[in-house]
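Feature annotations, reproduced from Swiss-Prot:
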BINDING   Ala17, Phe18, Ser19, Gly20, Gly21, Leu22, Asp23, Thr24, Ser25, Ala43, Gly129, Thr131, Asp136, Asp194  ATP binding site
BINDING   Tyr99, Asn135, Arg139, Ser192, Thr201, Glu203, Glu280  L-citrulline binding site
BINDING   Thr131, Asn135, Asp136  L-aspartate binding site
Amino acid sequence: MSTILESLPTGQKVGIAFSGGLDTSAALHWMKLKGAVPYAYTANLGQPDEDDYDAIPKRAIEYGAAGARLIDCRAQLVAEGIAALQSGAFHITTAGVTYFNTTPIGRAVTGTMLVAAMKEDGVNIWGDGSTYKGNDIERFYRYGLLVNPDLKIYKPWLDQTFIDELGGRAEMSEFMNQAGFAYRMSAEKAYSTDSNLLGATHEAKDLESLESGIKIVNPIMGVAFWRDDVKIAAEEVTVRFEAGQPVALNGVEFKDQVELLLEANRIGGRHGLGMSDQIENRIIEAKSRGIYEAPGLALLYIAYERLVTGIHNEDTIEQYRENGRRLGRLLYQGRWFDPQAIMLRETAQRWVARAITGEVKIELRRGNDYSILSTKSPNLTYQPERLSMEKVASTFSPRDRIGQLTMRNLDITDTRDKLRVYAQVGLLTPGESSALPQIKSDSGE
């Protein structure tokens, strides 16, 4: 039997991930009128653009929900965000600027915690606002079924009857007004925004055009650093890690990591730190574009990466980066709790993060412009006296280096022989003005 229901299951409990916005409000009331028994579940993810979470379940009851619950997901969200940071689970970058996978992390937390709450209430049918062209429909599908194998999926936006009756925001607003709720449709923005405590995503509408840039976005976690009228003073900040966990900002220790990340958001946000413009591949392989904010994670990541490079050796760092990119893709695809992801994540947390203890001082300026001012750690393997150009006691002598270079003759000879072979088979041609062979063009010239 299919786990996806294409029509409303009347007379049955249907859980809906309820944001309180127009779409989910109209869907909930519509389901009630059509004979379903809707239950509303709201995730408190610390969204920076939401100021009254307690009012959301009350609105759900008003619109016809048989039950409504507010689930505090903030601690779990921050824990998963720090786990992603420790693992370097970020695969989308442009010219060194990183997207911190904040929406995929949020979906992992929401998809598991809301379905767990539904299961407690005997609700085994789940709906949410994700569309069939996006990533979230698959992420929620995977996480929901991981938690509840008996789960069925009903999405109003996949139900043709719902689409025919309430196919757009204007129709939804009129539907709510006719029902007596005086629901005013919010002003249309030039793009869509989704956010949580870790970061914000701006996409769709005008941002689908690559001719529209970051300047049309109004940041919700920071400042528009590209505007000349926005005054931003340089600021020094210290970040301290202990055994891979961020514990202090500017010398102030935080026992609660949610509070630490909120403060990191405030500090980074004052500069517009962590904003990026990315073109990415969705799960279905089509390309999309997003403008992202993550001021707090960006601040922590600068300090964490600095300590990683000062503490670990080259091969460990290489493996950390390669595995981090693989893990980032798994996270993006909704596989954060799959065995292969857990294996990569646990390895990084155990063998990379646990050694990360120290303090980094950073000067923040505008946007992603910053300088590292100092790095301190009892675990540093960076020891400048080993390579000092000054006359100091050295760990090896000139004769030692001569011997090491002499050993290189073997692989240099091998390389020269291989280049000769490539020239003989026509892959290379002798260069006229160079002692090295040149690669031939496809035309043979």
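Placed from the backbone N, Cα and C atoms, the Cβ positions cover glycine too.
On the structure: features taken from Swiss-Prot.
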residue	record	DSSP (3 states)
Ser19	ATP binding site	coil
Ser25	ATP binding site	helix
Tyr99	L-citrulline binding site	coil
Thr131	L-aspartate binding site	coil
Arg139	L-citrulline binding site	helix
Ser192	L-citrulline binding site	strand
Thr201	L-citrulline binding site	strand
Glu280	L-citrulline binding site	strand
I want the residues beyond Thr131, Asn135, Asp136 whose C-beta is within 8 angstroms of the mean position of the L-aspartate site's C-beta atoms, in chain order.
Ser130, Tyr132, Lys133, Gly134, Ile137, Glu138, Arg139
Using C-alpha atoms, which one of the binding-site residues Ala17, Ser19, Ser25, Gly129, Asp136 comes nearest to Tyr99 (L-citrulline binding site)?
Asp136
Nearest to Asp23 (ATP binding site) by Cα, among Thr131, Arg139, Thr201 (binding-site residues)?
Thr131
Which listed residue (Ser19, Ser25, Thr131, Asn135, Thr201) has most other Cβ within 10 Å, given these are binding-site residues
Ser25
Binding-site residues compared (Gly21, Gly129) - highest count of Cβ atoms within 10 Å:
Gly129
C-beta crowding around Glu203 (L-citrulline binding site), within 10 angstroms:
19
